[in-house]
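Worksheet: one structure, shown below.
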Amino acid sequence: MNMTQARVLVAAVVGLVAVLLYASIHKIEEGHLAVYYRGGALLTSPSGPGYHIMLPFITTFRSVQTTLQTDEVKNVPCGTSGGVMIYIDRIEVVNMLAPYAVFDIVRNYTADYDKTLIFNKIHHELNQFCSAHTLQEVYIELFDQIDENLKQALQKDLNLMAPGLTIQAVRVTKPKIPEAIRRNFELMEAEKTKLLIAAQKQKVVEKEAETERKKAVIEAEKIAQVAKIRFQQKVMEKETEKRISEIEDAAFLAREKAKADAEYYAAHKYATSNKHKLTPEYLELKKYQAIASNSKIYFGSNIPNMFVDSSCALKYSDIRTGRESSLPSKEALEPSGENVIQNKESTG
């Protein structure tokens with residue numbers, strides 16, 4: 001063997017070793033686990049992140065993600081209970097595989113477990129949902145419930161079939177429906193929108209009317225309360241005036257009563273005093289005192305009898321009667337007026 005052949009052999013050996021090393025060394029990313037197959041059999045020891053060595057061409061590996069990942073299911077057909085075929089453009093399933101469940105799930109469902117456990121299950125559950133509802137319900141009324149219903153159905157089956165695989169969320173895009181039906185739905189939605197706007201306007205008007213009514217009620221109650229307070233104030237003022245008047249009347253009545261009582265008492269005392277004072281002897285004394293103090297002299301037949309004693313009065317009347325009988329009358333002594341006139345005429 002010459003030098004050239006030796007060099008070629010060494011180069012071949014080095015190349016073979018390099019190829020073997022390249023084939024045996026592999027890298028696992030963070031958030032992944034490596035499962036190994038040797039001769040088609042799954043090995044029981046997954047490897048974590050980092051560089052690892054395996055037997056080239058005999059042992060193979062698959063990287064399995066153990067962090068959150070999103071699987072997309074596209075263009076899923078769905079037939080409603082009315083016979084209308086619709087298509088859902090995309091369904092996103094956010095899931096996470098626990099590291100402790102990697103070996104069992106890969107052994108039972110292969111490293112492409114998501115196709116078996118998620119994709120096929122999505123098709124089945126979605127068709128079950130659509131076949132039980134009408135297009136109106138799927139497209140409008142119950143569309144907001146599809147996400148939650150799919151999530152619950154998937155998680156319920158996974159808890160039995162693949163413990164450790166958790167569904168975090170399901171997002172479903174709006175279904176694609178035939179163009180004619182879509183236009184009808186758009187028109188219907190437009191009419192619904194107009195109806196909702198009209199209903200909201202009516203509610204606003206009713207609310208404003210209710211607000212105005214409440215304002216009017218509050219204003220009326222305020223006016224009524226003010227009037228009531230003023231009325232009560234006037235009533236209190238009148239009651240106060242009445243009370244003052246009653247007090248003044250009572251005081252005046254008490255004063256007048258006391259005055260009348262005093263006058264009555266004084267008159268009663270005066271009468272009692274006069275009763276004891278005005279005896280016949282005292283009255284006789286006062287009469288003579290009055291006569292003695294009187295300077296007037298009365299002549300004629302009309303002298304008051306009250307100033308003459310009764311015995312003297314009788315004697316005076318008898319004397320006067322006798323005198324009048326002895327004297328001629330005045331008419332006889334004096335000539336009458338006619339005789340005097342006749343004598344004057346005869347004389348002339």
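Glycine too: its Cβ is placed from the backbone N, Cα and C atoms.
Per Swiss-Prot, the N6-acetyllysine annotation among the candidates LYS115, LYS192, LYS269 falls on LYS269.
Note: the CA-CA distance between LYS269 (N6-acetyllysine) and ASN108 (N-linked glycosylation site) rounds to 141 Å. Remark: ASN108 (N-linked glycosylation site) has ALA162 as non-local neighbours, by Cβ distance under 8 Å and separation of at least 6 in sequence.
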